[in-house]
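Features of the protein shown, as given by TrEMBL:
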- 176-452: domain 'SAM-dependent MTase RsmB/NOP-type' (DOMAIN)
- Cys266, Ala267, Ala268, Pro269, Gly270, Gly271, Lys272, Asp290, Asp335: S-adenosyl-L-methionine binding site (BINDING)
- Cys388: active site, nucleophile (ACT_SITE)
Amino acid sequence: MKNQDSLENPREVALKVLYKIDKNNAYSNICLKKILNHTSLKPLDRAFVTQLVYGVIKNKFRIDWIISQFSNTPIKKISPWVLNILRLGIYQMLYLDKIPQSAAVNESVKLGKKYGHKRISGFINGILRSISRSPQEILQPDKKDIVHFLSIYYSHPKWMVEKWIKEYGKDFTIDLLKKNNEAPSISVRTNTLKISRERLIDLLQKEDIVTKKGEWCPEAIILENISNIDKNKYFKEGLFQVQDQSSMLVAHVLNPKENQLVIDVCAAPGGKTTHIAQKMNNTGKIIARDIYDHKLSLIKQNRDRLGISNIILEKYNALEVDSDLIGQADRVLLDAPCSGLGIIRRKPDLKWNKCFNDIKKITILQYKMLENAGKYLKKGGILVYSTCTINPDENFNIVKKFLNKNSNFKIVPILPICEKMEKHKEIEEGYLQLFPNIDFVDGFFISKIQRFQ
Ligand SMILES: C[S@@+](CC[C@H](N)C(=O)[O-])C[C@H]1O[C@@H](n2cnc3c(N)ncnc32)[C@H](O)[C@@H]1O
């Protein structure tokens, strides 16, 4: 009955994915892809499954809060199958205008019969029908405690809401919380070693893919209606790489030249490394390192698919200094492991997997990695430190500490490559901080540091 092969109903597929994510503490993107690949669902149904899975994960805090208001059984005692059926039902009722409430309830009851027993489907029916009859005020907590309200209503941990209100103010935080719950656009980077952006747009449009030129980067294309991207023939031919525009800016800030030596100390899966290779026109040498073998193999896959020959892969711990490379590199990139608070739209699991203390611990590693990365630079060389977070302690505060302790380095202005970048005045100070709610790209930090002695 619960055999994967028998699943062709999108709601049932979504249920299976949510169950697996909870049971195995699995990453949603990996689990979703794996299960979808075992179905023969049509693109529209695949998109619906994706919407359901991400919708539930993004809004889980509020959905579970609502369940706890209506159920006599505590959440922890509800079986994982039934809990996820309820979550799916409530998500459809509250967030998907196009689905009639009756369909959301009836489909959930059907799943209850299949994955529970008769009494369970009555329990599901009772809760969902009560919710559908309730006025909106009942479906949200009191606004008196604003942090509690925002945390539940927008489904973010309380510590994140508190932190952002302190750092950015209430209105900005509300904007950010809303944006984090929206679906991100898909952008790809043209592989300019093989094709121009214009020609690639032509090819994609002939496949009925709706495209738009990205406004941040000259190689960027936004794809509006693509699913199953890694099955796309042009992807397989290496004509593009999936990458957000803010991430593409990193190679532009690093600005490597042909025949230089570049070291990318935390390189997997190779989004930025392969972009650097493109900018070097496949000349010179890029040493791409990561600490995990399985992640190095992802760089290899991307490198080979894109037809790149100037990247060599090395397993190396960025927390240790490699004495052979001291003072050797023209460019060093440290795209550091971070809290990921800028990419919650893409990885909503981050909201539930990270705690405040994890973030504190990670800054110690980031600083150590930056100290080590700086040692590889030649005089005059450029070091770029970047993260996909909006947390100042992992961003500018790390760079500030590094500059205070290393007087032979200075932060240097970033040259804008587009109008959008020109509006960010902080680039004159040598860094760029992007926010999803302001810039409509992933939240990212990029800083440009030069060794001058
Ligand atoms: C933000 S990701 C890099 C993304 C990559 N630059 C890209 O654009 O595709 C950080 C990477 O650092 C790696 N990493 C974590 N700890 C490390 C360490 N001690 N030494 C080297 N790499 C490490 C992780 O495996 C991860 O692949």
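Backbone N, Cα and C atoms are what each Cβ position is placed from, and that goes for glycine too.
Counting only same-chain residues at least 6 apart in sequence, those with a Cβ under 8 Å from the Cβ of Asp335 (S-adenosyl-L-methionine binding site) are Val250, Asp264, Cys266, Ala267, Lys272, Val384, Ser386, Thr387. Long-range Cβ proximity for Ala268 (S-adenosyl-L-methionine binding site), meaning a same-chain Cβ under 8 A and a gap of 6 or more residues, is found for Ala288, Asp290, Tyr292, Lys295, Leu296, Leu298, Ile299. Same-chain residues that are not part of Cys266, Ala267, Ala268, Pro269, Gly270, Gly271, Lys272, Asp290, Asp335 yet have a Cβ within 8 Å of the Cβ center of the S-adenosyl-L-methionine site turn out to be Asp264, Thr273, Ala288, Lys295, Ile299.
The full span of the recorded S-adenosyl-L-methionine binding residues, Cys266, Ala267, Ala268, Pro269, Gly270, Gly271, Lys272, Asp290, Asp335, taken as their largest Cα to Cα distance, is 13 Å. When the alpha carbons of Cys388 (active site, nucleophile) and Gly270 (S-adenosyl-L-methionine binding site) are compared, the span between them is 15 angstrom. Following the DSSP three-state reduction, the secondary structure of Lys272 (S-adenosyl-L-methionine binding site) is helix. Around the Cβ of Lys272 (S-adenosyl-L-methionine binding site), a 10 Å sphere holds 25 further Cβ atoms from the protein chains shown.
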